[in-house]
Amino acid sequence: MIKISNLTKVYRTGAISVTALKGINLEVAKGSMVAIMGPSGSGKSTMMNILGCLDRATSGSYIIDGVDVSTLQEKELAKIRNHKIGFVFQTFNLLPRLTALKNVELPMIYAGIPSKERRERALKALDKVGLADRIHHRPNELSGGQRQRVAIARALVNNPAIILADEPTGNLDTRSGEEIMDIFQQLNQEEGVTIIIVTHEREIADHTRRIVHFRDGVIIKDEEVLTPISARTTLAALPPAGEV
Amino acid sequence: MDILESIKVALEGIWVNKLRSALTMLGIIIGVAAVIAVVTIGQGGRAAILSSLESMGTNLFVVYPSSRNATTPITRQDLITLEDVEAIKNIVPTVKAVAPTSYLSIMTQVGRQKEKTTIICTGQDYKSIRNLELVEGRYFTSEENNSRRRVAVINEELAKTYFSGESALGKQVYLMNTPFIVIGVVKNDPSNALGFGGDPPKEATIPFHTGETLFRNLRIQIEGQTYSKEEVQETIDQIVKLLHKRHRNEGKYRGYSLDQEVATANKILGIIALIIGSIAGISLLVGGIGVMNIMLVSVTERTREIGIRMALGARRRDILVQFLIEAVVICLVGGTIGTILGTGGALAVALIAKWPPLITPGTIFIAFFFSASIGIFFGIYPANKAAKLDPIEALRYE
Ligand SMILES: Nc1ncnc2c1ncn2[C@@H]1O[C@H](COP(=O)(O)OP(=O)(O)O)[C@@H](O)[C@H]1O
Ligand SMILES: [Mg+2]
C-alpha cells in the first residue's frame, strides 16, 4: 500500500543545504505494523512528514494505494491527510483551548461530517482509548499519557488506513508508553490499521513485527521481529497506575 | 467543510480569545458609532434647517442698502424711505405684499423684570409675509400703524418669560419707558431655529410708524413676498433698479431670496457633512487597520494551531475562510454595537437640538455593509497569510 523508491529530501537554509534522506526505498504492506529506529538526526521525522503528506520529497516517488503523491495538488493532499492518514506526534499537538471531545471532532469537521454524528464518533473513539470519563477536559487538565490517547483518538476517528506516529512515547513514562502501544496493537490486530512508529527505544520497537533502521538518511537494516512483545501482557505484569 | 461550520469554528476562535477580540472590536465600535452619529446628526440638522427655511415660504425676499458693490459708502441719501416702499407696492406688479422693516435690540420691562428683546418695527403685512401664526389675540392693523398706536405683538418666548402661563393679552410691556399694550402673541419664528439648540430669541413686533416716534433714524429694509417662487429673482432685480433710479445712485442695494438661501444652505451643509463624515470615516479606517493588526498577531500566535488543523485535513481554503470570518464577525459585532451607540448619540443630540431624529434604514445598512467590507478588506491579508503557511513549518513553530 505504501511504496517509496529512491526518495531524497534536501533542506536548503540559505547557503547551507542538508540532505536528510539519501535515496530511500521502502515498502509497507497493508495491515502491517512497522517501527523505524535510528539515531537523532538520521531522517526519521523527515521521512514520516513525507509519508504523512505534510511535506514533499525533493526527488523520488511516493505511491500510496497506487497514487503518486508528487502529482497531487494541495487540496488532494489535505484530503489524504484527512481521510487516509492519522498522525500522532511526540508533542501531542492538541489545541489547548478545546476540550478532548472538540479536539477529537476536528478531523471530522474538515471531512464535512454533521455535528451529531461527529459527537457520536468522537465519544466512541475516546471510549476506545479509555478516556470516556475525560471528554470535557482540556489538554492541560490531562496527564501526558491521557493527552497522547486523545491524540490517538483524534488520529483514528476518521477511520484512516494508516497511522503514523513520530516518537509517540517519547514524552511518556513506561506505563503510559505501554498503554499507547497496547492501543496501537489492538488497532493493528483487530481493525487491520497499518501502523508506522518512529522510536529510539528498542523496547517500544519490539512491539512490532518489523524494525527499519535509519542512519544518516539511509536505511541500514530491515529487521524482522519474530516474537513481538504484547503490551497487554506487559501491562498486566506492571503495578497499577499511581503506585509507580 | 461548509460555511456554517466555518462560522462556528470562527466564533469559537473569537470566544476563546475574548479580551483580544473585544479590544479589536473597540476600534470598529468607535469608528462606526462616529460615522453613524455624524451622518445622522448631519441629516437631522440639515432637514431641520431646510424645513424651517422653507416654512417661511420660498417666495420671500429682502432688499436692503449695502455698499458691497458700491465705490462709496452708504449715506443718508441712499437709505430706503417709506415713499420707496409705497412706490414699490404701486409699481412692481409681481409684489404681493411688502413691509418696511427695522430690527433693534433693546431692554424691555414688565414690572421690575427687564429682558433683552428684539424689536421689530414693521407694517401690518409682515405677518403674512413671514407666515406667522397667532397663538392668541390679533395682529395690528394699518389704522393702528398710521395712528401710531402703542400696541405690540409679542412672540411666545417673550410671553412665556414675562407672563408665564397667563394670557399676555391686554398686559403692558415697557419699551424705552413707554407702555405698550399686548394685543397678540405669535408663535416663535421658525427661521430662528437656525441656531444650534438654545432658547429662541425674545421678540416684540410694533407698528412701523409707532416705532418711528420711539426710535430715530430707523434703517429700513424691505421684506416682501411675490405671488410665486419663480418671480422672486425678477422682483428683486426690479426693486433694486427702481431704488437706484429713485435715489440716483449705483450699486447701493442688494436683495436675497429665501429660495436662494435654501439652495446655498443646502450646499454648504452638504459640504460640511461630507467633511465631518470623512473624518469619522478615517476613524473607521483606523479601526479596520487595528483589526488587521490584531489578526496578523493572531495568525502568528496561532501558527501551530494552523499547522495542526492542516495536518488533520484542513485545506488552505478552510483556514482562509476561518480567519476571514473571524475578522468579519468581529467587525459586524463591533459594527452593531457601534450602530447602537451612534444612533443613541444621534438621538440624544436630535432631542437636545430639537431636530427631527433622522435615522434611515439606509444609514444602518451602510454601517453594516461598511463593517463587513472592512472585515473582509482588512481580514483578507492576515487570512491569506495564515492559509499560505506550510503545514510542516507551521507545526514546527514554537
Ligand atoms: N526544516 C529543516 N530545515 C533544515 N534542516 C532540517 C529541517 N528538518 C530537519 N533537518 C535536518 O535533517 C536531518 C534529519 O532530521 P530529522 O528528520 O528531524 O531527524 P530525526 O527525526 O531522525 O531525528 C537533520 O540533520 C536535521 O538537522
Ligand atoms: Mg525526529
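Each Cβ is built from the backbone N, Cα and C atoms, and glycine gets one as well.
Database features (TrEMBL):
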type	residues	note
TRANSMEM	B:21-42	transmembrane segment
DOMAIN	B:21-240	domain 'MacB-like periplasmic core'
TRANSMEM	B:268-298	transmembrane segment
DOMAIN	B:278-391	domain 'ABC3 transporter permease C-terminal'
TRANSMEM	B:319-352	transmembrane segment
TRANSMEM	B:358-381	transmembrane segment
Item to complete: Sort out the residues at least 6 away from either end of the transmembrane segment (B:358-381), same chain, that have Cβ-Cβ distances under 8 Å to it, and list them.
Response: 28, 32, 35-36, 39-40, 43-44, 47, 284-285, 287-289, 291-292, 295-296, 323-324, 326-332, 334-336, 338-339, 342-343, 346-347, 350
Practice prompt. Could you put numbers on the helix, strand and coil content of the domain 'ABC3 transporter permease C-terminal' (B:278-391), residue by residue per DSSP?
Written response: 99 helix, 0 strand, 15 coil
Practice prompt. Average the per-residue pLDDT over the domain 'ABC3 transporter permease C-terminal' (B:278-391) and send me the rounded value.
Written response: 88
